[in-house]
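Below is one structure; the comments refer to it alone.
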């Protein structure tokens, strides 16, 4: 009996180990609600895969990533993505890139990537960068980066980059997900659709509701 039980335990752990190695270590979207009706199962955690026999070189290619992005945002920066939405061949590979162009004194405002760690290298210019740890410490790690310098932003933590120079700056970022996601803090808090109650935000930020109403009236756009 003992030998039979031991055999069952060994088989269980072997199957469990196989299932662990066969699954993606992280979610590829904000949520994945289980569909009670199979006909409702439209979205999946990731993307369906093309038949490998039909794959072509263009599935793994993105041209002109060296071309500067057009900066329209009032914060003075623009992010050009190179993730699975632009390169279909990245699906399931767990990696992506982004190019960030900064006007003089341009800012990539405080934001998070809920599904990825980011490593950033400065190609041109001088950037003041930093990230803040989670509660209760909320410790700021910050550094001024010059051309060729590299900095890491841990997964899910609020971080930013600010061009402290009088000339444009450029950086490249690599991220540990094909779809890292972006939550820009100011946009999410003051530009949500529908708006968060000004009573809630006034109490949260300990300011007058008029301040909240003013911030919510601003035009918030994705970077």
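Quick reminder: no glycine exception, Cβ is built from N, Cα and C everywhere.
The oxalate binding site feature in TrEMBL is assigned to 108, 113, 118. When Cβ atoms from all protein chains are considered, those within 10 Å of residue 113 (oxalate binding site) total 24, not counting its own.
Look at TrEMBL and you will find 111, 113, 118, 159 tagged as Mn(2+) binding site.
Cβ contacts within 10 Å of residue 32 (disulfide bond), excluding its own Cβ and spanning all protein chains shown: 13. If you look up TrEMBL, you'll see 32-49 marked as disulfide bond.
Along the domain 'Cupin type-1' (63-213), the predicted structure has mean pLDDT 96. The domain 'Cupin type-1' annotation in TrEMBL covers 63-213.
Here TrEMBL flags 1-22 as signal peptide.
Rounded to the nearest whole angstrom, the C-alpha distance between residue 32 (disulfide bond) and residue 113 (oxalate binding site) is 18. Every protein chain shown contributes to the tally, and the Cβ of residue 108 (oxalate binding site) ends up with 27 other Cβ atoms within 10 Å. A simple way to gauge crowding: the CB of residue 49 (disulfide bond) has 10 other CB atoms within 10 angstroms, across all the protein chains here. Residue 118 (oxalate binding site) sits 12 Å from residue 111 (Mn(2+) binding site), counting Cα to Cα. Annotated oxalate site 108, 113, 118; additional same-chain residues within 8 Å of its Cβ mean position, judged by their own Cβ, are 98, 111, 112, 116, 120, 153, 159, 173, 175, 180, 182.
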